[in-house]
Each structure stands twice: as structure tokens, then as C-alpha cells.
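One structure below.
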Amino acid sequence: MPVKCSSSCGKNAILKRPKTGDALCKDCFFWAFETEVHNTIVSGHLFKKGDTVAVAASGGKDSTVLAYVLKVLNERHDYGLNLVLLSIDEGITGYRDDSLETVKQNRDDYQMPLKILSYEELFGWTMDAIVGQVGRKNNCTFCGVFRRQALDRGATLLGVNCVATGHNADDLAETVLMNILRGDIARLQRCTSIITASESEGSIPRVKPLKYTYEKEIVMYAYFKRLVYFSTECVFAPNAYRGHARAFLKDLEKIRPSVIMDIIHSGESLQVKDDVKLPVRTQCTRCGSVSSQELCKACVLLEGLNRGLPKLGIGKTSLANRAREQQDAQKTRIVNCDF
Amino acid sequence: MCSRNDEEDGSQSLMEGKTKLTWTEVCQKCSTEKPVIQILQIKHAYCRNCFLAHVNHKFRSTLGKSKMMKPSDVVLAAFSGSGKSNAMLHLLHAGLSEQSHKRFLFKVQVLYIDEGAILGTSLEDRTANLQAISGIIEQYGFKSYYTTLASIFEETGSKCFPLVKDSTLKIKENSEEELKNLFLNVKSLTAREDLLRQLRRKIFLQSAKELDCCKVFTANTSTDLAIHILTDVSLGRGSQMHHDVSFCDPRDASVKIIRPLLELSSKEVTYYSVFHELESIYIPSLCTKASSDSSIHNMSKQFVMELMENFPSTVSTVFRTGEKLGSTNTTNTCETEDNLCIICQMKLDVSVAACSSVQATDFSRLISSLGPAGFDNKTLSQLPDTSKGILSNQADSLLCSSSTSCCSDSDVQCGCHKDVQRLSFPDVEKLCCYGCRLIIHDMENTSSLPESILHKVRTRRSLENMRESIQDFLL
Ligand SMILES: [Zn+2]
Ligand SMILES: [Zn+2]
Ligand SMILES: [Zn+2]
Ligand SMILES: [Zn+2]
Ligand SMILES: [Zn+2]
């Protein structure tokens, strides 16, 4: 027996919303999905009229749906936004070529300008080359850290007011769990905020319009709208620990679907004790981006690669300093011998 | 690739992988005996005697450094029959039998809670359990009492009874039935377990008050508390989990719940019981027979255990995360009753910012039912600053008309707000914290809640009505 759409529009429902369990027809689902993102944008004060917004486009489902929905809402509600696509080419043979094709398709379909920046032009290293240096074990550290930097630099280059990323509710809940598991209090407190405005000036805020949208609904939306996206998980071995957190979240979701929103609520409402010292965030002395250390992670990793000490940024800071000093000492010795 | 990762700055190195512990020829402490156990935090092998001394020392120092124990204190130690809770009694007994200056000066009484009713255990088995329990406590010479979970439904009279060698379980049929009904009414095991945890806490407090004890000791280890942290986060109890996992739960004004084993891992406590050959009684509980994917608590437990295999430092890391949470200067005692959850006594954490998970979920429910036709665009434009007003009112009336317990006539605007006796879901939910709302959500009706809770709902509601009617005249 067909189930009726719970909005009593008279049509038959075609799906059950993972978030609330309501049965909806296709049209009511599209409308509900879009209206919820609109609600997040309005209540979170994500944009101002006239803003230029860079959509971080990876070719994956989240950013494809994000670009599409932002375009729809911008027109429907007259946000007055100037939307551009910003894509990062990490330089991974086979993987990136395909996903960049998807992004170019988005550019044509949604008629948004597209800027592609590559790791190679920004850092002088492609991910392929980095993997050649560090092996397959720690490269996710590199791609995460460099991607973050690359988006910042790209946003500065394009002169945008903010960067919109496709992080969804599942990603956020996973990050909350992740930060508890690794005891990262500072990031635990920050990770659920919808605008990651940096305290230091000069850095461009990040916004997450899909923060309260379930991953499953994003897939449903893309599926029924027939949006093309490129779906491949990272070709390199992803961080094992994050994988555990992801699997745990999926198991929890099967038991109680609202758990994703419940975990985000926990993240939003927990407080850090007054007497716990959190790392002070300053600017990297080399590149000026936000960092809790003198040198930001990207600069340390880059230095490691350029020095031929790729492990420099992966271990503890004290170890990195020692390795750096040792190499410098050796260099001085060599230099001394020359004289 | 890894776009999920782009908030990273490479700090996963905070997680230590498995490191080999060092087995040595002789105990690292006394350098004479053969080692029998390795202790993770110290990364050394200890012999039996040095290990037992280490556990004892940890227990004493946890209590000592808290500076909370006074000579005049009477402590109510919760005993479930488990090896862990027996270890706690053994440690307490050891402390009370010490020589002069090292001796604990506070007094100890023991409480056993019978939960057999919700499991459908036969009265004979429950009495047998009770007597086995009394047999263990007797060895220590502690004054002991028992109570039943169903006593939460009793309004008056004593609820704790002395536990002696041949005690028989006294139950009241009425309250037993009410308790069974309440748990039958809750649909998911996750919500049942969470409810049981909240009720146990109430029983601890209620019994401590009846027996004139100012502190309750529970036998939670650091492993248990790491599991609690993940469970609490998943149950939306992020704002209150520091009370659930810290040394002292100060929520009640007169009785503090203390966790003196929290610096010991489950492994350490288990070995302590084994080396001392402590007895334990297996009494099944709500979740013991269920598989790991049956509830959030069981899933968290399995997850922590599995993670321990590859990342042995998981428990201490998660546990230390918990320690850093919670505001230090917020003691609940200064809160007025009106701001506290009627079920768990936590400060209500639901009236949060306009852009929040709570608001987003309410909004999803609202628009899924209204649909494009029923939704007025003006409603939305008013939303941002009135997340509490407009939205929750509409969501309330929607919840009302969809629930079976009230407003059977859905055409008429929900009349349950005026009904004095019957309480609607929104009436109750309004006075609950986020976590307890999830329990209520899983219930068939609200009338099976204990009278003490329903009474609070009625009182608070009528106070609110009074305030509303005189509002214009309040300065
Ligand atoms: Zn419909
Ligand atoms: Zn990767
Ligand atoms: Zn830098
Ligand atoms: Zn020894
Ligand atoms: Zn509560």
C-alpha cells in the first residue's frame, strides 16, 4: 500500500527522511531540503547581500549539491550573491582528472566561473610526488593540511568574502567523536561552529551551509535531481582512526537515526572548564595563516619535503625541531669544511 | 580527495598507537618478586603484592586529593554484586582497618538495588540474589540495606530495608506493576537503558537521604567512564557529561555522588578482585543479554573495547577529554528549580541559539509536515530571531496532533494545554533537557512516568499559567 506524503499534498511518498522519519513525495522533499538549507543560511547569518562566495568544489556529491542548491536559493530568495567555484588540483593521476571533469561540468551547468589551483603551482609538489617521498601511510596529513591552505590562498586570490564548504551533518558528528577520541579540546570546542571565522584578520571565513543536512539526504537529493558527481573515496589509505570514528557513527545511526543531530547538539552545548588552557591561535610567521605554533603545519610539512625530511611535520614538534637542528648542524659542518 | 579532512592540521599524532610494554625479569617496584601484571600508565611489570599496593594507593590518593571526605561523613556504597563493586567494598574495608593515622574516619553503609522487576526475574531468584549479596557484605561487617527500583513510584513510607542474612525481598505489587509499565512503554533499548540510568541516580539520592548519608560511592572505573563519555555525547548529553564522568556529581544539593575508582582501569580493578579472590554474583541487567548493535550504550562499549586493541591509550585519552569539560564555577545548587530538567536535574540546555542543531531538527519536523502549500514564506522570514517563540509553538502543536495520547480530534486545536489531569508530550518535553527529551520521544505515553515527575510537570505548568495571567502587572 502506497504511503501518502506527510505534508498532505495528496501525492504518494517516495522516500522516508533519514533525519525525521517523515515520508515525503519528490517535490515536497526537494522543497524541504532547499528550505532547510535556506533556514540554516538565514538563521546562521552566513552571507551578506553582495558577497562573493567561493564554493569549494571537489567534484564530490557534497560540493556538487552545495553549488546547485546555492544557485537555486540565490535566485529564489534574492540573496544577491556572486557565486564562484574554487577547485584544488592535488595532482593525483587518474583520480583528480576525472573529478576535475565533474567540476568543469558543474561550471557549465550552473554557469559559475571556475578557478582551479594546483598543489604544484602553490607548493611546488603534487600529491603523487609527495606520496613518492613519504609513502602511503601519512599522506592524508599532507592532503588535508595542504587543501586547507590551498583553499585559503585561492580565496585570497579570487578576492571572495567567504568560502562555502560542503561539510554535512555526518562529517560534523564524526569530527566531534574524533576530537573526543584524540583528546583535542580546542578543536572539539571549535568544530561545530557554522562559521569558522578566524580571530586574526586577513583570513577568509569558512561557512558550512549543509551543516545540518544528512549525508543520506544529500545523496537522495542528487539522485532525484540527477546531478552528476564523482564518487571515489581517497585513493590513498585514509586515516585509520577517522575510519574507526566513521564506522562507529554509522553503527550508531542504525540504532537511532537522530544520533547525528544529537552528537552535533552535544558538540554545540559542551563547555570547556575555565581553568583548561587552550592553545593560543596566532599567525604563522612564514605564511601568515592561522596557527597555534610559530610555523603553521603546512609550512612545516613543506619544509620537511623540501629538506628531504618528509616526516618533519608528522611527529611531535620537539622531534621535528631536533631533526631540523641536526640537519642544520650537518650543513654548517659541511660549510665549515669548505673553508 | 579527503575533503572531509580539510579542517585538519595534522594533529592525529595525538593518538598513540600500540607500544610494547616491557616485561622484565623482576618486579619494577620491589626488584625481588616475579612480575605478574603490566600496568599501562606506568608501562612496567609489577608483582602481585606491589600491584595490590598500587591499586590501594591509587584509591586512597583519589579520595585524599579531592579533599572532600570529612570524618563525620556517612558514605552509602552502591553494591551490585559485580567484581568491581566488591573490589570497592574491599578497598573501603582495608582503609577502615588501617592503623591509626592512615585509617579512613568516615563511616560506610552499603546499598543494593533490586532491579529484577524490569527483567521479569522470578521472586525466588530475586530473593536468592538478595541473600547472596548479603552474604558478601557480611564478610566486611558493613551495615547494609536494600531497596527496589520500583520504590521510585512510592510516595511515602520507608523505601530502604535492612539487609541481613535471611532477608526476604519486600515488594509492593502496585509499584512493581507501574515500573513494568513504564519500561514497556519505552520502545527502544537505548532509551530504556538511559531511563534506567536516570532512575538509578534518583534511587541513590533518595536512599542516601532516607539513610542520612551525604555521599554515595559508585564503582565506575576509568574504562566505564570513557564508555559513558561516548554514550553521553551520542545521547545529546554533551552539556552534562562532565557530571556523569567526574569524581563528584554535585547536582544534588545535599547528596554528592562520588566515583572513587575513576583513576583505575577496569583491568586493574578486575585483577585486584582476582588476586584477592573476591566473590562476585552474576545478576543480569537490562543490557547484559543484548547484542552490541541493540543500544547506543552497548555499541559504545564494544567500540571502546575494540579500539583498546590497537590504541591502548584510548581510555585515558577519552577520559582526560572528559576531565577538561564543564564549567568549574557552575554549581547547580544556585540554580532555581525552574531551570532544571525534571528527570535528570540538569540545567535545561534546549533554549539555544537560533542556528543550532535543536532548531534545525525542529525546523525539519515542522516543514516536513507543513509542505510547500502549508508553509507561509513570512513564517520563515520571521524565524531567525524567534527560534524559541514561533518555531517551538508550531512544533509543539504539531507534535501534539500527531501523538496518540492527546488530542484525538486533530481538527480541533490541541486542547491538552487546558486539560489539568492529562499531560501532553510537549507539556513534559518542555521541562526536559535534550537528552531526556529523547527518552520521552521513545515513549508511547507520558502517563506511566513516576508520579513524582508528573507532579513536577503539573506544578511548573500551573505556575507558568499563573505567571502568564499576571504578566502585564509584573514589574
Ligand atoms: Zn508532498
Ligand atoms: Zn587522502
Ligand atoms: Zn605557514
Ligand atoms: Zn614487587
Ligand atoms: Zn534531563
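One-based numbering along the chain as shown.
Note: Cβ is positioned from N, Cα and C throughout, glycine not excepted.
Listed features, source TrEMBL:
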type    : residues                                                        : note
DOMAIN  : A:53-231                                                        : domain 'tRNA(Ile)-lysidine/2-thiocytidine synthase N-terminal'
BINDING : A:ALA56, A:ALA57, A:SER58, A:ASP62, A:ILE88, A:GLY166, A:ASP171 : ATP binding site
DOMAIN  : A:283-312                                                       : domain 'Cytoplasmic tRNA 2-thiolation protein 1 C-terminal'
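Features per TrEMBL, on structure.
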| residue | record | DSSP (3 states) |
| --- | --- | --- |
| A:ALA56 | ATP binding site | strand |
| A:ASP62 | ATP binding site | helix |
| A:ILE88 | ATP binding site | strand |
| A:GLY166 | ATP binding site | coil |
| A:ASP171 | ATP binding site | helix |
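The Cβ neighbour count for A:ALA56 (ATP binding site), using a 10 Å radius over every protein chain in view, is 25. Here the binding-site residues are A:ALA57, A:SER58, A:ASP62, A:ILE88, and the ones sitting under 8 angstroms from chain B, going by CB atoms, are A:SER58, A:ASP62. Here the domain 'Cytoplasmic tRNA 2-thiolation protein 1 C-terminal' (A:283-312) has a mean pLDDT of 80 out of 100.
Mapped onto DSSP helix, strand and coil, the domain 'Cytoplasmic tRNA 2-thiolation protein 1 C-terminal' (A:283-312) counts 14 helix, 3 strand, 13 coil.
Comment: ATP site residues A:ALA56, A:ALA57, A:SER58, A:ASP62, A:ILE88, A:GLY166, A:ASP171; largest CA to CA distance 20 Å, whole number. Within the same chain, residues at least 6 positions away in sequence whose Cβ sits under 8 Å from that of A:ASP62 (ATP binding site) are A:GLY166, A:HIS167, A:ASN168, A:ASP171, A:LEU210, A:GLU215, A:ILE218.
Of all the Cβ atoms in the protein chains shown, 24 others lie within 10 Å of the Cβ of A:ASP171 (ATP binding site). Cβ packing within 10 Å was compared across the binding-site residues A:ALA57, A:ILE88, and the lowest neighbour count falls to A:ILE88.
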